[in-house]
Structures are given as C-alpha cells and as structure tokens.
Amino acid sequence: MADRSTYNVVILGVGFLFIFTAFTTCGNVEQTVVKSLKNSTFSGSGYHSLGIIYGVFSFSNLLAPTVVTVIGAKLTMFFSGLLYSGYIAVFIMPSTWSFYLTSVLIGIGAALLWTAQGRFLVENSEASTINRNTGMFWALLQCSMLFGNLYIYLDWNGKSEISDSSRRNIFLFLLVASILGTLSFLVLRTSHHEEEMLSEEEGQLLLSTRTMYKNRANTALQDTRTEFQTILRLLKTETIMLLSPCMVYSGLELSFYSGVYGTCIGATAHFGEAAKGLIGISGIVVGIGEIVGGGLFGLLCKNSRFRRTSVVFLGMVVHFIASYLIFLNIPDDAPVVGESTTQKNPFLSPSASIALLCSFLLGLGDSCFNTQLYSILGYVYAEQSTPAFAVFKFIQSVSAAVAFFYSGYLLLKWQLLLLVILGFTGTLCFFVVERMQDFSMDSQEY
C-alpha cells in the first residue's frame with residue numbers, strides 16, 4: 001500500500017480533478033448558456049461573472065494564507081469546494097443576484113483553495129518527492145478539461161438551441177462532480193508535519209482552544225504582513241517589471257481560451273447545428289494541448305541546451321498562427337452577439353477542423369508561457385519563490401478579469417490584435433530577462 005503522503009497527493013489530485021471538471025466546463029460554456037436563457041428577469045453576463053471571479057481572486061490571495069494557517073489546509077479546501085459547488089448550482093435555477101453573489105464567493109474560495117493546495121502539497125512532500133508529487137497532481141488536474149467538455153459535446157451536438165431541461169441536466173452532472181471532489185478532501189489523512197504541530201499544541205495544556213487559535217491567527221497575520229512587504233519590494237524590481245508584460249499576456253490568453261473562444265465557436269452560424277457541440281470538443285482539444293505542452297516542455301527543459309527562450313518563442317509563434325487562423329475562420333462579431341448567431345462573414349468559409357486546430361494551438365502555446373514563467377521565477381527568486389509566484393498570480397488574475405469585462409464589447413479582430421501586441425512585447429521582455437541572467441552568471445565566473 002502506498003505511503004500516507006502519496007495517498008494524500010493522489011486524493012488531492014482526484015479532488016481537484018472533480019471540482020475543476022465542473023468549473024472549467026462551466027467557464028467554457030457559461031456565456032453561451034447565459035445567452036440561451038429564456039428567463040426575462042435574468043440580466044447577467046457570463047463574461048462579467050468570470051471577470052468578477054478573477055478580480056476577487058487576485059485580491060483575496062493576500063489574506064488567504066492567514067485563513068489557511070488558522071483553520072488548516074484540509075478544512076479550507078473543503079469549505080472552498082462548497083463555494084465552487086454553490087456557483088455551479090446557481091445555473092440550475094439562475095437568478096441575477098445569486099449569479100453575481102456566488103461569483104464573488106467563488107473568487108474568495110479560489111484563493112483559499114489554491115493557497116491550501118500549495119500548503120498541503122508541500123506538507124506531504126520532501127525534497128526527493130516534490131517533483132514527483134507536483135507532476136502527479138498537475139497530471140490529474142489537467143484531465144479536468146476532458147470529461148465535462150465531453151459531456152457537453154455528447155449532449156449538445158446537433159442542437160441549435162439549449163433547452164432548460166438540457167441546461168439543468170448538465171449542471172446537475174457538474175454539481176455532482178464538484179460535490180464528489182469536495183467530499184474527497186474529508187478522507188485526506190493528517191500529514192506528518194501537521195501531526196507534529198498538533199502534538200506541540202496539545203502539549204501546551206494550559207492553553208485553551210480559543211487561545212491556541214488566537215496564537216495561530218497572530219502568527220499568520222505577522223507572516224502575511226511580512227510576505228505582503230516582500231511582494232511590494234518584488235513589484236519594484238527590474239526583473240518583475242520586465243516580466244510583467246508576459247504575465248499580463250498570460251492573463252489575457254487565459255480569458256480568451258477558457259471563456260471567449262468557446263463562445264465564439266458556439267455563436268458561429270456557419271457551423272449550423274454542430275456549433276454548440278463543438279464548444280465541448282474545443283475545450284477537450286485545448287486540454288490536450290495543455291497536457292502535451294506541459295509534458296513535452298517539462299522533459300525538454302531538463303536538457304540545458306533547450307533554453308527557456310526557445311520554448312517562449314515557440315509559444316509566441318504558435319499563438320500568432322492561432323490568432324491569424326481565428327481571424328480568418330471566425331466571424332468578427334462572434335464574441336459580442338446576443339441571443340442570435342453571428343451576422344458577419346469571415347474571410348474564409350468557417351471550418352470546424354481549423355477551429356479545433358486553433359484550440360489545440362491555444363492550449364499548447366499557453367503551456368509554453370506558463371511553464372517558463374514558473375521556471376524563470378523559481379530560478380531568479382529561489383529564496384523568495386512564494387511571494388514571486390503570488391505576484392505572478394496577482395498580475396495574471398487582474399489581467400484576466402479586465403479581459404473578461406471587455407470581451408463582451410470588443411469585436412474579435414481587436415481582441416486578437418491586443419493579444420498579438422502583448423504576446424510580442426511579453427516575449428521580447430522575457431528574452432531581456434533571460435539575457436540579464438546569462439550576463440549575471442558570466443560576470444560571476446570572472
């Protein structure tokens with residue numbers, strides 16, 4: 001039987017697999033579902049909801065470590081899972097106020113969930129197992145883009161409209177998946193690190209439970225204050241400022257492939273009754289691109305001859321090709337049309353094969369940028385990796401939030417142009433940072 005740490009990592013990955021099968025599928029079809037509602041009293045926007053989620057998430061990250069320290073990673077993940085499930089449940093009986101309220105709550109829940117996940121993964125890993133455990137977790141997580149989107153394809157293929165019964169069935173399925181993922185956190189075992197901490201606290205017999213939690217909270221607040229000061233210092237460093245365009249680009253690209261592109265495919269009149277089903281297939285193919293890219297570049301970058309700049313340059317080229325093909329293949333008004341399908345004609349006769357090729361390229365290119373941003377931040381800020389990654393997630397999330405808010409108003413060509421400009425600028429700045437690191441190493445040798 002596997003040891004406790006391996007068991008915990010597998011259950012953690014399975015829990016996230018179920019929860020994000022629900023959430024990523026929901027994000028992919030959200031705007032399409034909202035447009036199809038026959039409820040005259042509902043006035044919400046899927047783009048605005050996702051923008052709220054990422055905006056709240058970016059700022060909630062600042063306080064999340066305090067909550068995780070006080071109540072523990074396991075309970076934090078369980079309560080966060082309930083918030084995710086509440087958001088999914090809203091789509092079964094949608095109302096505007098609950099839609100936006102749960103958008104705020106899930107933004108808070110996301111910050112707590114990911115902070116707790118990082119803490120729990122580290123607690124269940126050693127120096128010799130951290131890479132293996134991280135790989136196991138991310139492999140399970142990336143599979144979340146496959147199953148829910150497959151259900152979407154099987155249910156929506158051949159349908160020109162989404163009926164209320166179809167919507168309810170889909171979100172009941174996603175709700176069950178989210179609840180199963182949430183419940184799985186309850187069977188996580190106490191890590192050795194947590195056992196040691198609990199035994200120390202139990203040894204202090206004079207301390208009441210209230211005093212114990214108060215001490216935890218005080219310690220957590222002090223740690224949060226120190227980390228926040230570190231984050232502010234890092235934001236002023238030359239490296240972070242140069243990497244900021246690349247981080248912003250990763251946020252814009254995240255919003256485009258996770259929420260906007262699927263909506264564009266579903267709104268393309270030329271695809272006929274296959275359009276809605278293609279949203280699900282597109283989500284699956286994006287996930288395949290992410291999995292292929294993450295695995296491929298993880299192996300390649302173990303070879304020192306294959307540099308980070310090579311991967312980022314490849315990501316830029318792949319995304320530029322995808323942007324050009326999307327510009328030719330998808331109608332310009334696809335992101336902004338209301339209940340009807342698109343009215344404008346693209347330059348080419350829309351092809352489902354080209355649309356799905358672009359989905360794969362979007363996932364592949366996204367993995368290029370994200371893996372290398374994590375790599376260079378871990379290398380440059382080896383002693384300050386936690387605040388450095390916090391800066392990255394903050395900039396990425398704020399950018400994604402802004403992108404979701406403008407996605408419902410800008411025509412597709414302007415969104416693609418913005419992506420191309422920031423993609424080129426971000427890649428150029430990444431090259432400058434990499435060259436600075438090479439120059440620094442060369443200087444140390446003399």
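Along the chain as shown, the residues are counted starting at 1.
Using the three backbone atoms N, Cα and C, a Cβ is placed for every residue, glycine included.
According to TrEMBL, the features are:
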TRANSMEM  7-25  transmembrane segment
TRANSMEM  45-63  transmembrane segment
TRANSMEM  75-93  transmembrane segment
TRANSMEM  99-116  transmembrane segment
TRANSMEM  137-154  transmembrane segment
TRANSMEM  170-188  transmembrane segment
TRANSMEM  240-258  transmembrane segment
TRANSMEM  278-299  transmembrane segment
TRANSMEM  311-330  transmembrane segment
TRANSMEM  350-369  transmembrane segment
TRANSMEM  390-408  transmembrane segment
TRANSMEM  414-433  transmembrane segment
Highest-contact recorded stretch vs the transmembrane segment (240-258), from 7-25, 75-93, 170-188, 390-408, CB pairs under 8 Å: 390-408
Beyond the flanks of the transmembrane segment (137-154) by at least 6 residues, Cβ under 8 Å: 9-10, 12-14, 16-22, 24-26, 28-29, 117, 121, 170, 173-174, 177, 277-284, 286-288, 290-291, 294
Paired segments the transmembrane segment (99-116) and the transmembrane segment (414-433) in contact, 3+ CB pairs under 8 A: no
Proximity of the transmembrane segment (278-299) to the transmembrane segment (350-369), 3+ C-beta pairs under 8 angstroms: yes
Touch test for the transmembrane segment (311-330) and the transmembrane segment (75-93), at least 3 Cβ pairs under 8 Å: no
Cβ-Cβ under 8 Å with the transmembrane segment (170-188): same-chain residues at least 6 beyond its ends: 8, 11-12, 14-23, 25-26, 29, 74, 77-78, 81-82, 84-85, 88-89, 91-92, 120, 147-148, 151-152, 155
Folded-back contacts onto the transmembrane segment (45-63), same chain, C-beta under 8 angstroms, at least six residues removed: 27, 30-35, 99-100, 103-104, 106-108, 110-112, 114-115, 224, 228, 251, 255, 258-260, 263, 390, 393-394, 397-398, 400-405, 407-408
Chain residues outside the transmembrane segment (390-408) and at least six past its termini with a C-beta under 8 angstroms from it: 31, 45, 47-48, 50-55, 57-58, 61, 114, 227, 231, 234-235, 240, 243-244, 247-252, 254-256, 259-260, 335-336, 373-374, 377, 415
